[in-house]
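Taken from TrEMBL as is:
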COMPBIAS  B:23-33  compositional bias 'Basic and acidic residues'
COMPBIAS  B:65-76  compositional bias 'Low complexity'
DOMAIN    B:155-384  domain 'ABC transmembrane type-1'
REGION    B:1-85  region 'Disordered'
REGION    B:391-415  region 'Disordered'
TRANSMEM  B:105-128  transmembrane segment
TRANSMEM  B:148-180  transmembrane segment
TRANSMEM  B:192-223  transmembrane segment
TRANSMEM  B:243-265  transmembrane segment
TRANSMEM  B:303-328  transmembrane segment
TRANSMEM  B:365-388  transmembrane segment
Amino acid sequence: MTAVAENKPAYEGKALDLSGKSGSRAFKNTLATVLIGLAFVLAMIPLVWILFTVISKGYHLLLSADWWSQSQRGITVRREGGGAYHAIMGTLIMSLITAVIAVPIAVLGAVYLVEYGKGTRAARAVSFMIDILTGVPSIVAALFVYAVWITIFGFNRVGFAVSLSLVLLMLPVVLRSTEEMLKLVPDELREASYALGVPKWKTIMKVVVPTAFGGIVTGVMLGLARVMGETAPLLILVGYSKNINLNPFNGFMGALPTMINQDRTELALQPAADRVWAAALTLILLVLVLNVLARLIARFSSIKSK
Amino acid sequence: MSSPDGTAPPDRPDGTAAGQDQPRIEDLVHEEAGPIPKFGGLAEEHAEHEAEEAAEVMTESGPESKASAAGTSGAPPSGPGKELDLGPVGHLGDRLFSGLARGSGGLVILIVAFVGIFLLALAIPSLADDKSSFLFSRIWEPGGDQPRFGIAALFYTTVISSIIAMLIAVPIAIGVALFITYYSPKRLAQPVAYAVDLLAAVPSIIYGLWGILFFAPILGPVIDGLSSALGWIPLFEKPPGDNVGVVFTASVVLAIMILPVVTAISREIFQQTPIAHREGALALGATKWEMIRMAVLPYGRSGVVSASMLGLGRALGETVAVLIILSVPNGQDPWNSSIFAGGETFASKIANNAAEFDSPEKTGAYIAAGLVLFVVTFLVNSAARIIVDRSTPGNKRPRRNRRAGASTATEGAKS
């Protein structure tokens, strides 16, 4: 980024000098500039439009305290009132369980790739599998957990099953970002630690991982942001409940995406529509807060290498 | 690595005495003596368990992985050379920790293998009962005495919607990436990059709702225009009825959804274009656009292609947005290949019928469809990965300037 930015003025000056010499080349250059600017504007339209829609239609419900403290218990589509407490808690609980399972595996896997398996064929195999896992559609992850959890083991549809399928989606995100961060840790730090006689595992735990900690947290946040908005596993692996259920091992559970899904067929009714957009705004806010946190952490704890 | 790699296997004879080998270390890093042994102790059985599993996978998956297993898990017990290297640092904690790390690596391989194996295992009985051709039939009637289901229609809709999404998204993504890297004012570049990333943070269900309620109506005229101009091609023939909830609408929304992925990767590649290439082009008198076409685009070509493939993979598996947007065709209507008709993709079909998973036979049919989706995304992502591997910067870079630059967009879209 910085290299590009630094060199920019030089190019612009030269390009300008030349552009007057040949009409068609100058025209092409201008055309390209216009098209590229246009592509950017085109990309911004949906973002602005979506955010405007969701905020303008959803904000007023978020202002009431009920939204953050009540469930939808006993509230039909035609009635106003109630809140999203059950869904917010459900989303948070399932995401938290996902993180608790996925983060240790992801961090240790990254440690393996960077510290132990570097350059070996096994590490390449693991790396390839992570790429594959990155591409696994959420519906396939959900079907896999359905096959194991419900068809083979015969358990019920519960929140924990959703978390298991979300682990498959979060794992590669966190693993990749952790790997990148561990690679940035200067070898001098490791060598200094070894030279003091500190064993390898303590070097990793006390020198390498703490150095990269900010970046790892950023990866975790981004991973969480990705799984929070997932809807497909929720549709297949847990039923939607309007009541507050904080037990991920028993019973149906509300979640923000399924709360949107629940009322979206009744959008002609104002109370239902209000709830849909308010739930959508709540979900975007949750994801956004995680994203912003991730960026802040990344900014204030970047590894100063070289 | 300067460190002792390849720690000893668990059955090393002096394993029990390992604790005595490290008096100095405890002095050096005194305060950590507390928590860490606990961690190791807790993890002990996991490590063993996972290492076992990892070993299983490696032996299962052919000679190549066998070789690699021997390569990484250090010297086998018969390899004294390695043990000499280890010296006094052959530490119990070290062995546990490296076991844990290797186990996690193995677990990743295991998970992907399991996804394939379990889906296959549950799909096979249903596939055996299938009374029609699974690959070529367009009927979907699982369950009952005479289950008949095939994926032809699902496959068609999935692939066509994703490819159209990619055709729309890739040129725009290249434009946005170029805008961020070479055109926007320096101060604007970072906020713009964030804003595009923000598109990725919007949950897919919201794209679906917005797409069907607000975006589909304004696409109506576009659909009418396209179908009146190109209607003689079956692909663009407009069936009677409304054109809300058609494949084309889903494709455009998918394009918006994959835009940030393709943009982010293209941006990184474009940024890495060597300064010498760019300055060389400019020194020869190239305009800014000519510099981009001669230096930046050829350099980033493979990156853009692989980014497009990753975007394609995303689009193939996208569930909820497509589920909300696409209208499911009526069972009596004849199948329609037009992109201006409704349809169902693998993912939307599965999600739409989650309530039908009541008998193993029916579930098996949907799992078989999920397996096909898994295989398709697997192939697409592998292709992306191979393209990246084959053309890491520094290897042979295509130097066919003009043609390479001009065809970047179309090639990325076709593959």
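Using the three backbone atoms N, Cα and C, a Cβ is placed for every residue, glycine included.
Away from its own ends, the transmembrane segment (B:243-265) comes close to residues 157, 160-162, 164-166, 168-170, 172-174, 176-177, 180, 196-200, 204, 207-208, 211-212, 215-217, 219-220, 223-224, 226, 303-304, 306-308, 310-312, 314-315, 318, 321-322, 325-327, 338-343 of its chain (Cβ-Cβ under 8 Å, at least six residues beyond either end). Most Cβ pairs under 8 Å to the transmembrane segment (B:148-180), among the stretches B:192-223, B:303-328, B:365-388, belong to B:303-328. Tertiary proximity for the transmembrane segment (B:192-223) is limited to same-chain residues at least six positions away from its ends with a CB under 8 Å from its CB atoms, namely 176, 179-180, 184, 238, 243-246, 248-250, 252-253, 256-257, 259-261, 263-264, 267, 318-325, 340.
For the transmembrane segment (B:303-328), the residues of the chain that approach it from at least six positions outside its boundaries are 157-159, 161-163, 165-166, 169-170, 173-174, 204-205, 207-209, 211-212, 216, 244-247, 249-250, 253-255, 257-259, 261-262, 264-266, 268-269, 297, 342-348, 350-352, 373, 376-377, 380-381, 383-385, 387-388, 408, 411-413, 415, judged by C-beta separation under 8 angstroms.
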